[in-house]
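Feature list (source: Swiss-Prot):
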type	residues	note
DOMAIN	31-495	domain 'Topo IIA-type catalytic'
SITE	LYS39	site 'Interaction with DNA'
SITE	HIS75	site 'Interaction with DNA'
SITE	HIS77	site 'Interaction with DNA'
SITE	ARG88	site 'Interaction with DNA'
SITE	LYS94	site 'Interaction with DNA'
SITE	ARG118	site 'Transition state stabilizer'
ACT_SITE	TYR119	active site, O-(5'-phospho-DNA)-tyrosine intermediate
Amino acid sequence: MSEIIQDLSLEDVLGDRFGRYSKYIIQERALPDVRDGLKPVQRRILYAMYSSGNTHDKNFRKSAKTVGDVIGQYHPHGDSSVYEAMVRLSQDWKLRHVLIEMHGNNGSIDNDPPAAMRYTEAKLSLLAEELLRDINKETVSFIPNYDDTTLEPMVLPSRFPNLLVNGSTGISAGYATDIPPHNLAEVIQATLKYIDNPDITVNQLMKYIKGPDFPTGGIIQGIDGIKKAYESGKGRIIVRSKVEEETLRNGRKQLIITEIPYEVNKSSLVKRIDELRADKKVDGIVEVRDETDRTGLRIAIELKKDVNSESIKNYLYKNSDLQISYNFNMVAISDGRPKLMGIRQIIDSYLNHQIEVVANRTKFELDNAEKRMHIVEGLIKALSILDKVIELIRSSKNKRDAKENLIEVFEFTEEQAEAIVMLQLYRLTNTDIVALEGEHKELEALIKQLRHILDNHDALLNVIKEELNEIKKKFKSERLSLIEAEIEEIKIDKEVMVPSEEVILSMTRHGYIKRTSIRSFNASGVEDIGLKDGDSLLKHQEVNTQDTVLVFTNKGRYLFIPVHKLADIRWKELGQHVSQIVPIEEDEVVINVFNEKDFNTDAFYVFATQNGMIKKSTVPLFKTTRFNKPLIATKVKENDDLISVMRFEKDQLITVITNKGMSLTYNTSELSDTGLRAAGVKSINLKAEDFVVMTEGVSENDTILMATQRGSLKRISFKILQVAKRAQRGITLLKELKKNPHRIVAAHVVTGEHSQYTLYSKSNEEHGLINDIHKSEQYTNGSFIVDTDDFGEVIDMYIS
């Protein structure tokens, strides 16, 4: 035998071979045929069981025997893959109508493996036989099997639209399919309407076929997604569990799950919900129990007293497989090629298949009826000359001679002569001619009817409709999945995710933040806070773990930090720098921090810059879901800094003080609400080389404490301030000196909460009591507190 060697490039060989392989797994493994809704291995399993007589009316047989038949005759692959496919056809949580009945352990909705095939037994279900009905009447084409020892069907007759009824899922080279199961009665009704009106629209079809009907039930949301899928083959719906609420004897409530989304692993779902409880991702769940038994699926989620059960349910919908999205991808083999198909195309392909099946069956039955009628006519003729026929047969040498004599003498056809000689003489003499004439009459009517079906397309369609109606009547069942038109927005109360706890929030001037338990705070006291050298406390207050912290910086940005995300650190220990939580720039400085309990408020923030710009923005604008980077609070122009952020519940007076001692007081009602990216308007009309050092809210009982670079402190009462309009120059608060004039480096509004001040130079600090500073008149420079020759020039002042 001579060898043939081809010189081919590796690129060409790989491309060609992979192309062949891809075509094979697309057509012969992973995708269903649109006509019978089956993949090749499924079709071979059902045909092997049918041809071996393993039908619904017989006893169960070992699954191993069927697997052996399939891999021996039709499917030369591993026995495990065949058995897995066989088991899936028997699982009522995978298929809307099972095609195989199985005795023994056939797996579970917990994804437990089935028992080995040597232990389980199986047979075809009654409905599966409707897929195979009339297969012996030349209804479909057969092809040689893999070793040419027998024949196998290319497709099954499929007397109901199995692709839509049981759906399909699979992945192949470059293609995937996800077709959901549907209600058999609805699918057949839609098919009947399509037969009556081939121009029927998807909207009209959806009056009959409402949407998917999953074997596990559940609630389907999103009519628009269903319609899109039925039109184009692709669409998205939401499938959520059926959850009911029960009240226990102790007054607690529990959520009872009785239906879960399609293809969701129950045990994994229970484990996930329990992990959320154990990890304290959700607050309010006491216990999760799987109470599933022979009566049906049941998962119990016991809740704490007085907890919002609706919010917990919504949290679980969002964070577990209690709710999933299902994506239609209706790809099937049509005319030998994978196609993305809408529901009209699927029904049309199925109907064309049924037209072919019924036509082939009718031709087969017509041929048999005509053959039988020919035989009956011969028998009637023979009975009319019975004595002569008997005499001729007796005088013949053998059966062959008798047959030839009948043809020659009485002009019987070969088929008629064969039928006569095959009858024993006693049967021939006892044959009732009346019965034969009756059969002849029936055959005449049958042939007429069959010819009418073949000659009249409407008659053929009526046969299909009648048979579909019979299947619908015999196998119809109630819809399992409830369909809701709209996809419900999931709203989760913060209380569900975060346990409510009162804690102490602290922020230092150098940007160290922490939350501390009230117990730790009370055990230490304010003075014992953990600080770095040169740092001091900017603010501390009692907040709730369900609150949100807004941290504002000199760059006009803010950090949105849920309190529960802050590390729980003891009061005596150093906190986290905000840059470890949300990255900020090296020269970015924290200027204020606020906590918000509810962003749905009429309160507002006021922002003031060093160069005299100001703006007002309402609190709801600051709510966000982005925690990982700083967000814009206000636009700060180049060579400017944000120096003050205030929060007010309603309009009130604010006072602006500048470095050169100018002061302007006006009402925030003069400011319009603006967006976060706005720069604002002019707050005060600044002199040349002057800048703002303070903008704060003020009231009649307050005083203002100012520090100058020369170590002087000046305290004035509210009555010195003159309420004016925004953007004016204001009044003078310092006595102007020609030599070494005082310049205000810091100023603060003093309320009843404040008792101490701290002065800072580059290397020193000085503490004192605010009440020791007497109130001054307008045109004074205050009292010297420190000697700058020893202390250094004052650069800042804080009050507490």
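Keep in mind that glycine also has a Cβ here, set from the backbone N, Cα and C atoms.
For the recorded sites given as LYS39, HIS75, LYS94, ARG118, the lowest number of other CB atoms within 10 Å of the residue's CB is seen at ARG118. TYR119 (active site, O-(5'-phospho-DNA)-tyrosine intermediate) sits 16 Å from ARG88 (site 'Interaction with DNA'), taking the Cα positions as reference.
The recorded sites HIS77, ARG88 differ in how many other CB atoms lie within 10 Å of their CB, and the one with the most is ARG88. Checking Cα-Cα distances from ARG88 (site 'Interaction with DNA') against the recorded sites (LYS39, HIS75, HIS77, LYS94, ARG118) with a 10 Å cut-off leaves LYS94, in sequence order. In this structure, the C-alpha atom of HIS75 (site 'Interaction with DNA') lies 23 angstrom from that of LYS94 (site 'Interaction with DNA'). Looking at LYS94 (site 'Interaction with DNA') and LYS39 (site 'Interaction with DNA'), their Cα atoms lie 15 Å from each other. Residue environment of TYR119 (active site, O-(5'-phospho-DNA)-tyrosine intermediate) contains 13 other Cβ atoms, counted within 10 Å of its Cβ in all protein chains.
Mapped onto three states, the DSSP output places ARG88 (site 'Interaction with DNA') in helix.
Per-residue pLDDT, averaged over the domain 'Topo IIA-type catalytic' (31-495), rounds to 92.
Cα separation, LYS39 (site 'Interaction with DNA') to HIS77 (site 'Interaction with DNA'), rounded: 14 Å. In this structure, the C-alpha atom of HIS77 (site 'Interaction with DNA') lies 18 angstrom from that of ARG118 (site 'Transition state stabilizer').
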